[in-house]
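The structure appears right after this line, and notes come after that.
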Amino acid sequence: MPKSKQLQAAVDAKTKADNAASDANTDGVVTAEEAAAVETANQELAAAKAAAKEAIEQAPEAKREELNAKVDGLAPATVPTVNDKNPANGVQDDIDAKIQAAVDAKTKADNAASDANTDGVVTAEEAAAVETANRELAEAKAEAKEAIKAAPADKQEALNNSVDELAPATVPTVNDKNPANGVQDEIDAKIQAAVDAKTKADNAASDANTDGVVTAEEAAAVETANQELAAAKAAAKEAINAAPEAKREELNAKVDGLAPATVPTVNDKNPANGVQDDIDAKIQAAVDAKTKADNAASDANTDGVVTAEEAAAVETANQELAAAKAAAKEAIEQAPEAKREELNAKVDGLAPATVPTVNDKNPANGVQDDIDAKIQAAVDAKTKADNAASDANTDGVVTAEEAAAVETANRELAEAKAEAKEAIKAAPADKQEALNNSVDELAPATVPTVNDKNPANGVQDEIDAKIQAAVDAKTKADNAARDANTDGVVTAEEAAAVETANRELAEAKAEAKEAIKAAPADKQEALNNSVDELAPATVPTVNDKNPANGVQDEIDAKIQAAVDAKTKADNAARDANTDGVVTAEEAAAVETANRELAEAKAEAKEAIKAAPADKQEALNNSVDELAPATVPTVNDKNPANGVQDEIDAKIQAAVDAKTKADNAARDANTDGVVTAEEAAAVETANRELAEAKAEAKEAIKAAPADKQEALNNSVDELAPATVPTVNDKNPANGVQDEIDAKIQAAVDAKTKADNAARDANTDGVVTAEEAAAVETANRELAEAKAEAKEAIKAAPADKQEALNNSVDELAPATVPTVNDKNPANGVQDEIDAKIQAAVDAKTKADNAARDANTDGVVTAEEAAAVETANRELAEAKAEAKEAIKAAPADKQEALNNSVDELAPATVPTDNDKNPANGVQDEIDAKIQAAVDAKTKADNAARDANTDGVVTAEEAAAVETANRELAEAKAEAKEAIKAAPADKQEALNNSVDELAPATVPTVNDKNPANGVQDEIDAKIQAAVDAKTKADNAASDANTDGVVTAEEAAAVETANQELAAAKAAAKEAINAAPEAKREELNAKVDGLAPATVPTVNDKNPANGVQDDIDAKIQAAVDAKTKADNAASDANTDGVVTAEEAAAVETANQELAAAKAAAKEAIEQAPEAKREELNAKVDGCELAPATVPTVNDKNPANGQDDIDAKIQAAVDAKTKADNAASDANTDGVVTAEEAAAVETANRELAEAKAE
């Protein structure tokens, strides 16, 4: 070993010794083993120091003193004092003492409790002794838990748990508070319970005999009380067995003297109501009469048709019910007074059946009245449809409105028929076919063909045609005037065309007015007015005095302006190209001139739109020919330096190459690592720079002479980048070689440590020497990793994290645990332990078998103990054999043989299946049969009481089970006679404790529905309330008119129904649970009657409010129509709008009257004729529509307008005559006379 290694070994041994001492003191507990470990480490340190000092003899002399001083300074660790002589639990002895003191206090408390309970009598002094011991235990536990705080941290939880488990003893309850009689309190209580049971039995017998009537229930109550007395006596006698022997005879005599009460004889076979049979019979007769009345009502309502005879049958049955109820109530006077109120209430609850309302007052056809009404409504709808068709055909002219009226009536007929057929479904089945046939025969009316497509004016088509011809002539004249004005130029020919069209219009109007004479007299005025309104077109004035070019001067001016703009643009382009150099300003001047040209052309073309259409194309072409000037290309974008752009580009390329070279050099040097590739990139960029500079200097030769020197200088200044020296010959990881070497050394150290661990684990046996070799390799690995991490600090920053991670991943090898501290036999300790465990399990199994056979009696528990021990032996052998697989191969056979020799113990045969009581099985069986009989009796009683309803069968089942229990107990007691004498008393007592079950009192004499009678009564009351509510609703709806009183009666009945339902549901809560859902559903199904809507708030006239409202609406519509007519006639001038307002009001009146008559169909039949007469009467007649006499309401009556228009027309004629005379500058006598004639006609027209 090199000298440095020996010196390090001494340092490591020092560290090991110090660590051993530190480990021993870590938890404050020092065991002998830990102290010995420090001593051993000190010995190893002494040996390592001696070896180091020997090695130092070979060191340079100048170093020896220093090295020896270093070794001498490696002092041995201080051996700690042992303070845990019982290292099994790793806790200091003083803490163990405190815990043991708490354990002793626990034992003392348990003993005090045991002593107190020894004789079954606990005095106050004994209970106090236990409490005192518990307090001492609590103090000892507190001291122990305080001491535990000084124990090792990992031990404290377990120690505290062990102390917490030292629970205080249960303080026994003092059971002898009155020691005067020397008998335990529970015995006194048992005897008193028997005395109380005796009192209860005597009271039950007394109660049963009080009124001289004894029911089965009362007799059973005495029997039950006697049974309870017997049970209480038995319990008391059983308890007396625990009393002092000197007291038992006296106590037993006292209990035996508690004789059962005499059970009275039953003398009331129907005790349900405590009432005499004849009274029951009278009440039943009333119930039967109630059923008869309900059946009569049900029969009357069966087919939905109620006749007077059926209603009378219900009334008769109700009378019989009333008589039966009276007889029953009279008989009830003889019932016990306490029962009378209940019986009277039951009889009073027999409400008479609801007498159904007669809904077939005409039984001849056997159909309900509402169905008859629906059929009659369909018949009326048929009549209405036929009348509409007849009205449409009366005058031979059929308008679309008349045809639509027939169609509407037919739809109403179809709806009425559908309603009738729907209603018929509720008629008796044997009537439905004939009724349906009668409805099917109501065929719709034939809809007439429309033969007046324009009924608006009520005028013949030929007259309409003549008027239309005049309208067309008017359109032609207007079109001629429009055409003359279309292009803004009016010629003499165009004006003449308008005059000709006006003459044709006058002729057409004359023909139309002639035709109108054949129109209806009341239509002629309006038609003539419409023709008169067709005024002639205005003849336009001629406005084209110079037709040479047919174009307006303003248009010529716009075109000339565009020609001038063209010239300006061409001049700007010529100036820009003069010197062959085009600047951006010169090009912009051409573009500006072109935009001005485009604007001038646009204005010219816009003006041309006003020129004659036949001129526009040529004018537009002349403008379109004014093309913009060609904008010259700018060839000097940077005029600042006066150099061509291509020269600038070459110089810029050289600048860019310089930048590229500098960037390559910078990138190469960025991380301090330069690869050959990076150096080459700089060289390449320098070459590209040289080439770019050469091309730039060549281009500069074409620059202006006065510019060349400066340009060449700027290029010469572009120096190449410095090529960096390559310092990374292996660029794969981008790290320096010396760093790679350090990391590889750490990897090699890792491999060495892993190999040492692998070698140590090869044979599964690890010695101390092998474990030490792994530790040494791990230390060398740690040193190599530290050197590598130090070297990494010089690596590129972006590489350091990954490199450090790669080094950090070189984890030290796991130091194997030494598992062979005793190499004498060459087998691992855990294998030895497993084999020893199997040997111990064999011993345990043999001991269990020996113990089981000791007394010759083998219980199942003893046999099971042997089987369990054998299973544990088998498991221990299996674990041992599994462990042996890890032993050296040459050891395994002998070890396996030693384990195989550990044979399981022989399991003894179970010969005592019930060892608990030491009694024969047949006796156990008899006692168990009695217990089973007891259970059966208790179950029968429980089943009988489960749902709160007890039938006679259920009570009998309990009695039968009690008899079987008595027989089983007798057999058991007979069998007990053969039991061991010392067991018989306890066995007899256990049988005596099997008391019979209490027989429940029968409370359901009618088990058919399994529900108590009082619940049935509550439900029936709700059913009766439902019937009452339904009858109230039916009565309210009978005549279709519902008053507030009738609606209130239904609401009151519904409230009574809700109260009855609530009472019924409350009662159902006491019903058997399985019945509740069904009963609740039955009650929930009793829906309240629908409260009818009050439709007659004013019952004085006996008509529904909506019908009153419809009639009033018709009266209001009549008033509106009359007001419209009055307003129209007020000033003697009637406009079309005013006439239309009257017509609209009349239409609204007609609609309101129709709606009123439709509503009247729902009124009581006796009221319909009177109401219809009111609506049909002259009081609601439509207003007279006034004749329109002012078609132009803006200024006044039409005849005045006509006169004024004639004067205007005469003026126009005179002006036209004067214009015509002056047109050509020559005025003839005829033209002057024409003007004078026109002026005279104007004067006459103005006078009119």
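Placement of Cβ uses the backbone N, Cα and C atoms for every residue, glycine included.
All annotation found in TrEMBL is predicted automatically rather than curated by experts.
What TrEMBL says about this one:
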- 1-26: region 'Disordered' (REGION)
- 6-87: domain 'Minor extracellular protease Epr GA-like' (DOMAIN)
- 38-65: coiled coil (COILED)
- 93-179: domain 'Minor extracellular protease Epr GA-like' (DOMAIN)
- 123-150: coiled coil (COILED)
- 185-271: domain 'Minor extracellular protease Epr GA-like' (DOMAIN)
- 222-249: coiled coil (COILED)
- 277-363: domain 'Minor extracellular protease Epr GA-like' (DOMAIN)
- 314-341: coiled coil (COILED)
- 369-455: domain 'Minor extracellular protease Epr GA-like' (DOMAIN)
- 399-426: coiled coil (COILED)
- 461-547: domain 'Minor extracellular protease Epr GA-like' (DOMAIN)
- 491-518: coiled coil (COILED)
- 553-639: domain 'Minor extracellular protease Epr GA-like' (DOMAIN)
- 583-610: coiled coil (COILED)
- 675-702: coiled coil (COILED)
- 737-823: domain 'Minor extracellular protease Epr GA-like' (DOMAIN)
- 767-794: coiled coil (COILED)
- 829-915: domain 'Minor extracellular protease Epr GA-like' (DOMAIN)
- 859-886: coiled coil (COILED)
- 921-1007: domain 'Minor extracellular protease Epr GA-like' (DOMAIN)
- 1013-1099: domain 'Minor extracellular protease Epr GA-like' (DOMAIN)
- 1050-1077: coiled coil (COILED)
- 1105-1193: domain 'Minor extracellular protease Epr GA-like' (DOMAIN)
- 1142-1169: coiled coil (COILED)
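DSSP places the residues of the domain 'Minor extracellular protease Epr GA-like' (461-547) in helix, strand and coil in these numbers: 62 helix, 0 strand, 25 coil. Same-chain neighbours of the coiled coil (1050-1077): 946-949, 1009-1012, 1014-1015, 1018-1019, 1021-1022, 1024-1026, 1028-1029, 1031-1033, 1036, 1083-1084, 1086, 1088-1092, counting only residues six or more beyond its ends whose CB sits under 8 Å from a CB of the stretch.
Counting only same-chain residues 6+ beyond the ends of the coiled coil (222-249), those with a CB under 8 A from a CB of the stretch are 120, 181-184, 186-187, 190-191, 193-194, 196-198, 200-201, 203-205, 208, 255-256, 258, 260-264, 985, 989, 992-993, 995-996, 998-999. Within its own chain, the coiled coil (675-702) is flanked in space by residues 644, 646-647, 650-651, 653-654, 656-658, 660-661, 663-665, 667-668, 708, 711-712, 715-716, 718, 720-726, 728-729, 731, 734, which lie at least six positions past its ends and keep a Cβ under 8 Å from the stretch. Confidence for the domain 'Minor extracellular protease Epr GA-like' (737-823), expressed as mean pLDDT, is 84. By the Cβ criterion (distance under 8 Å, sequence gap of 6 or more), the domain 'Minor extracellular protease Epr GA-like' (1105-1193) is counted as touching the domain 'Minor extracellular protease Epr GA-like' (461-547), at least 3 such pairs being found. Contact count against the domain 'Minor extracellular protease Epr GA-like' (921-1007) (Cβ pairs under 8 Å) is highest for 185-271, out of 185-271, 277-363, 553-639. Beyond its flanks by at least six residues, the coiled coil (491-518) meets 460, 462-463, 466-467, 469-470, 472-474, 476-477, 479-481, 483-484, 524, 527-528, 531-532, 534, 536-542, 544, 1223 of its own chain at Cβ-Cβ distances under 8 Å.
Long-range neighbours of the coiled coil (38-65) within the same chain, counting only residues 6 or more positions beyond its ends whose Cβ lies under 8 Å from a Cβ of the stretch, are 1, 3, 6-7, 9-10, 12-14, 16-17, 19-21, 24, 71-72, 74, 76-80. Secondary structure of the domain 'Minor extracellular protease Epr GA-like' (277-363) per DSSP (helix as H, G, I; strand as E, B; remaining residues coil): 62 helix, 0 strand, 25 coil. Secondary structure by DSSP for the domain 'Minor extracellular protease Epr GA-like' (829-915): 62 helix, 2 strand, 23 coil.
For the domain 'Minor extracellular protease Epr GA-like' (1013-1099), the DSSP-based tally of helix, strand and coil residues reads 62 helix, 0 strand, 25 coil.
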